[in-house]
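Following: one structure in structure tokens, then a few remarks.
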Amino acid sequence: MAKSQKSNFYPFYDPYSDSGGLGYGSKVGISLGFGAGYALLQYYSLPDKMIFFSENCWILALIISTSSFALYIATDVFRYNLKVMREIEGKYVVSLKVVDEWMSDKWLLLAGFAFGTANTTVGHLLGVPSVFFESTSSLMMVYFGFFLGGFASGMGLLAITAVIVLYLKFAPSLQYTLDPNDPDGNGGIKKLGDTLWLFGGLIGAVGILVSIHMFGVSWTFMHKQYVQFVFLFWVSLPYILAISIVLIPGLAVRRQVSYFKSYKSGQLKQEKVKLYSSYKQFESKEDEEIISEKKELGEKLERIQNELETLKKMRNSHIDGKNSD
């Protein structure tokens, strides 16, 4: 099982120790090791070494390393997300339940193997270039490269799904914890939105490498219509996921924040009407006691108006600009 130590998430690829998780030096080394290991095996298995460059094998090696390192970064950001969410949730530990149900080592490994197999299958459907058939070892290595690239991406895909589920379950609790006066302009949850943009950026970076690789390989079955469809879907998939991890949680958060703002605004306006009615009753009277009460009512009206303005300026989510109301 992926262990939750000190309220944090430590999967098998980033195990917990007394000093915390792996250092970034180790993470870079492991990520580069996977990519470099494949690159060396593929390069020396090819009778014609130039194929390594002409068929973008080096890009595939870069995808393997980048996907692995992106997974490490995303894991650290996910831990930070969990910490912030637990502070907001208090006794309601939805985040812990999502981690236990979705992010166990078993599910991560299954997702990796499943997507690795899917990526290998897609490579086979597109048609591995004939130059790799000159030796059995070079053909085995290119399929192995497809699997490795898909394996790391598959664990990332499960993490994307878990993050979306986490936000969908977490969002309803926001209306009880938002602080319109928080200086972040987003009710105190801007840091959560920023992490989603980072997730989207990591996925997009891997997607760019995938696009470069796939458009640079001489696939043998690209003349078939269904293969063209598979190709376009596989190229677009990372970008669809990058948009989804930003947009879907954003819409869920926006709905709850909008409800909070509408409810809070209604309460303030009702209070404002009552205070204004009381203020109007004193307009024609000028003794000292009434002047003092009028001053107090005026201050309360000003405070309510300021709160209404603050609510109006508060962003509904990380996908909205300022003054979205």
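Just so it is clear, glycine is given a Cβ too, placed from its N, Cα and C backbone atoms.
According to TrEMBL, the protein carries these features:
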- 287-314: coiled coil (COILED)
- 21-46: transmembrane segment (TRANSMEM)
- 58-78: transmembrane segment (TRANSMEM)
- 107-128: transmembrane segment (TRANSMEM)
- 140-168: transmembrane segment (TRANSMEM)
- 196-219: transmembrane segment (TRANSMEM)
- 231-253: transmembrane segment (TRANSMEM)
Q. Other than its close neighbours in sequence, what residues sit by the transmembrane segment (58-78), given a CB gap under 8 Å and a spacing of at least six beyond its ends?
A. 9, 11, 13-14, 21-22, 24, 27-28, 30-32, 34-36, 38-39, 42, 52, 142, 145-146, 148-149, 152-153, 155-156, 159, 163, 195, 198-199, 202-203, 205-206, 209-210, 212-213, 216
Q: Determine the mean pLDDT over the coiled coil (287-314), rounding to the nearest whole number.
A: 78
**Q.** Same-chain residues near the transmembrane segment (21-46), Cβ under 8 Å, at least 6 residues beyond its ends
**A.** 10, 13-15, 52, 57-58, 60-66, 68-69, 72, 75-76, 132, 134-135, 137-138, 140-142, 144-145, 148, 152
